[in-house]
């Protein structure tokens, strides 16, 4: 592939018909850096352009008539292809042919295409020694892409740092808890590989805000290796984690003699039982 030839084929304005430009661009893809030795088969150009073989042949003939391409050294394809009866025609692309430029308001004022890289800002048959088009356009585009990717990576890295800064949960201690109880709870969470986030600290602080003994709640969670705090777990008459009243509490407040009566031996029996 010749970057120079393809760059010229894209920028030239000698061939303006769409199919002709497409065939010229694909033909340039097979040329060397000087635009010579392009010998693709008609079927290859048909496959590359999506045009029929007959249309490709017509467009090549048009390109020859315009002087954009000419027949080159036929010995070159012979060196690569052994079947002499199936040798494609070798073409050379005239990269010295210039591109039309848009005229300005006056002859000495440039029009809408003020910069012509590698072509003359005159007629198509201008000066004889127009330099080849520069090859840095695709490289410049590639470099821009690399620079854009690098900038994107830096931006994503910065967002990641802002999103996940180093956060010390010890610094987010609830107002009504002691430093020791809170530090022990934080260490327990860290040991479980479940370190506290800022949001988690805020939620725990909200749970402990109106509690009479927040340290006891924290200590119980620490001792039980609970990831969360359960303020109701230390209230009298509740279980450790779900806060439901225990069936084994307030036994001292129950009248266990209700429905019983003492017999002559001082033993309780069911009231009304004559035995």
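One-based numbering along the chain as shown.
Heads up, the Cβ atoms here are built off N, Cα and C, so glycines get one too.
TrEMBL does not curate its annotations; it predicts them automatically.
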Message = Can you identify, from 192-233, 234-275, the stretch that TrEMBL calls region 'Disordered'?
response = 234-275
Request  = Please find, within the list 72-123, 124-175, the residue stretch that TrEMBL describes as region 'Disordered'.
outcome  = 124-175
